[in-house]
Amino acid sequence: METASLLPRTSPPPPSISPENLAVAALHISEALLPAPSNASTLRSFFLPNFSSPLRRRAYIFHSVYLLPLRTILISFLLLLTFLEPPSWCSATGCLQLSLTSPDPANPTLLSPTFQTFPLPPPSLLALLPPIEFVVYLLLLLELSTHAAYVSNPGPLSLFYSTHLFLGSSSSRSSSSRRGGLALPAPTTATTYNRITLFYTFLLLLSFLLYLLPPAISLLLRPYARLLLFIAHNKAVLRELKLILNLLPEVAKILSLEFLIIGIYAWWGTMMFANSSEEGRENFSSWGASVWSLWTLVTTANFPNVMMPAYSKNRAAVIFFSSFLLLAMFLMVNLLLAAVYNNYQEERKGFQKNVQKNALSNLRAAFSVLDVENNGVIYKPQMLLLFTELNEHIAAIKHIPKEKQDVMLSVLDVSGDQEWDLDEFLGFVAVLQIEFESEENLKGLVEHSFPSVYASPTFQAVEAAVLAPSFEYFIDAALILNTLVIMLQNKHELVGDSSSGEMHGGAVVMELIDVVFLVVFVAEVLLRVAVVGWRRYWGSYRFRFDFVVTFLSVFATVLYWLPGQIQEKSVVQTIMMVRLLRLVRLVMAVNAFAVIGDTVTEIIPVCSRMFMVLFCITYLFAVTAVNTLGGAVSIDPAAPSFPALMASDYGTSNFYANNFNDMLGSFVVLFELLVVNNWTVTCDGYEIVTGSKLVRLFFASFHIVGVLIINNLVISFIVDSFSTEYEAEISSRKGEGAGGVGGDSKVHQFDAAALGSGSVSGKWTATVQRGKDGGKRRESLLQSMFRQRKGSAK
């Protein structure tokens, strides 16, 4: 355990601390709080001399609270524009004015657009997109200017920052390392942040300049600039991409060995089957054709088709294909998966280690600033002033009321002497991540608003009934009966008899029965809110799901009984789908399934970064496909390639809608490539319409990047996160860990008086909110805070 200077502790009154030192300590806390330092906190620590101005402080608060979220919305809107605006090839050829035609001349009444695309917005909205985009760029530039207002010298060039912001020069670091004569350690992230800020500023200006270019060039390049701008703004995605780039050397080694195996087997297959056999003519006509056939075999998209001509004549051919699959797919592909995952985990561990090191460094720096007389302790008045500084000037930290401040300080004060040494202060950030709530504030709706009613014997009986296990059993029974009613209502559709005169398989009386069940579920929601209170009710993901399903069911039922709506089939289908959501609730009533459901809700935020990376990769390939292959597939019989396309597997399988003619359609095709099923049909279709086999490089490169690297990484990341969180959830439900409440070790209930502070009392609940790091981290955080407080556990 680390110790500070063991000098004799002075008695109150404690030494005073200057506002400058409080500002320094607060910004160090903000640096240590987040997984990656935020824009504002890094700028404040790097340009601290400029931050002393009250005007700049107000600018910082305004920018952090309002403008940064606005920046996220505006950049996301720019990405959305790529899906709304006409593709570049379409604007160049005037495809919007082309006539409608049919892919089947025998059925001339079946009219469809020449290019199979998702519907574009109406012309009136398309005309508004360019001026709207111009306004978006102006708002982003104004936000950047406001950003610069509190980090650089004011003036007409503040938008472009000062030279030391871009380059992180030694002069700027030395000038910003002191505050009122106090030496400060230079932030470890300043140089990296400068590069990211330069990257973002450059991309924003580049995007704006591309907007001003002629449409023929602008529409080709703007989507790429928008993606890079989104990545530069989204630090989590940028961080994950950097970690993935570090994996490429190891991935290249295994892929090289994979392609070596493919090349050797292609040589063997070309020589063995030759052009004289049916196998040779179809799949191994040349070394290049053999390589492509075997690469497709690695993806399993052509197996066993690729083997059947040779296998039909000689069963020994299975040796060639099975040995190749064992080596190239079962061994090398899984070896690539293991290598990607293991190396990524090592990179993540290194990153987390640096984050923890940076947090401890900033906490030590904050402690040294607050310990004015170098006594090795900080006194309560100083800690309360620190809370005031955090509340007033750190936008990233939620406002902390006085009562919660006392509880936090009591949790930190293990020694109970109202003084905090370095070891105790190092837990300050952990305490900030815990949500403390008084039991007084978590009272039920009736107890809080109508105490006399709550004290009545009638309501006490109702409360006991709602909290009893029998109430859960009653609701479960109602769910089962309601499911049977839904099955009776849909009996005709379930057995395939959709021609029944009853549109949804049930009579009006069955609908009335369903309304009765709906009343039961609405009453359940009201009773739970009345007993446990809205905050506790909404804090449960299960109850939140129940509320949403019940609300949608009420809405759908009201819509159903409106005059004139009963004959609308779409309305009936919507009602049925909403009611089927209750089945999920019934499944979650089973404890084993509930554990899995809770685990999934824990890992979704953890895995969101990887899904965002997958989106960015797919977006990049989609834009490239639209720019290079857009407009190639057409159902116009006059097109030169249409007869060959119609006779191919692409045409006979009616794959015309599988094309790269627009962004949404490209995303659908790339999603199909991620699934790795029938992707060769689409590839063969584009070989026909382009007349070139180079199109294979696009499909192969997306398989390598999207499937072998990113998709496998997402899958392995989910498996690892699920196993970790599942174990934590099982432990949580068993009540293991830090004095869990209700079988949940991620919630800790304690008596504040037992902490020994004397300044606060009553029952309190400590909860770590769900976030990016999952339930395992939340459980560990509570354990670390209360491992020495077991005596206060309820």
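In case you wondered, yes, glycine gets a Cβ from its N, Cα and C as well.
Note that the structure is predicted; figures quoted are calculated from it, not measured.
According to TrEMBL, the domain 'Ion transport' annotation covers 192-349 (among others). Mean per-residue pLDDT, taken over the domain 'Ion transport' (192-349), amounts to 85.
The domain 'Ion transport' annotation in TrEMBL covers 469-728 (among others).
Among the features that TrEMBL reports, transmembrane segment is placed at 65-84 (among others). Non-local neighbours of the transmembrane segment (65-84) in the same chain are 39-40, 120-121, 125-126, 129, 133, 136, 139-140, 143, 146-147, 207, 222-223, 226-227, 229-230, 233, 395, 619, 623, 663-664; each lies 6+ residues outside the stretch with a CB under 8 Å from one of its CB atoms.
Under the heading transmembrane segment, TrEMBL lists 124-142 (among others). Nonlocal intrachain contacts for the transmembrane segment (124-142), taken as residues 6+ away from its ends with a CB within less than 8 angstroms of a stretch CB, comprise 70-71, 74-75, 77-78, 81, 84-86, 159, 204, 207-208, 211.
According to TrEMBL, the feature transmembrane segment maps to 198-222 (among others).
The transmembrane segment annotation in TrEMBL covers 243-267 (among others). With a cut-off of 8 Å between Cβ atoms, the residues of this chain six or more beyond the transmembrane segment (243-267) that come close are 284, 287, 290-291, 293-295, 298, 320, 324, 327-328, 332-333, 335-336, 339-340, 343-344, 347-348, 351, 613, 704, 708-710, 713.
Under the heading transmembrane segment, TrEMBL lists 287-306 (among others).
Per TrEMBL, transmembrane segment is recorded for 318-341 (among others).
Residues annotated as transmembrane segment in TrEMBL: 512-531 (among others).
According to TrEMBL, the transmembrane segment annotation covers 543-563 (among others).
Under the heading transmembrane segment, TrEMBL lists 583-604 (among others).
Under the heading transmembrane segment, TrEMBL lists 611-635 (among others).
According to TrEMBL, the transmembrane segment annotation covers 655-676 (among others).
Counting residues 6+ beyond its ends, the transmembrane segment (697-719) has Cβ neighbours under 8 Å at 244, 247, 251, 255, 295, 299, 333, 336-337, 340-341, 344, 603, 607, 610-611, 613-614, 617-618, 621, 624-625, 628-629, 670, 673-674, 676, 679, 682-683 in the same chain. The transmembrane segment annotation in TrEMBL covers 697-719 (among others).
Tertiary neighbourhood of the transmembrane segment (655-676): same-chain residues 82-83, 87, 89-90, 103, 115-118, 120, 299-301, 618-619, 621-623, 625-626, 629-633, 635, 649, 682, 685-686, 699, 702-703, 706-707, 711, selected by CB-CB distance under 8 Å and a gap of 6+ residues from either end.
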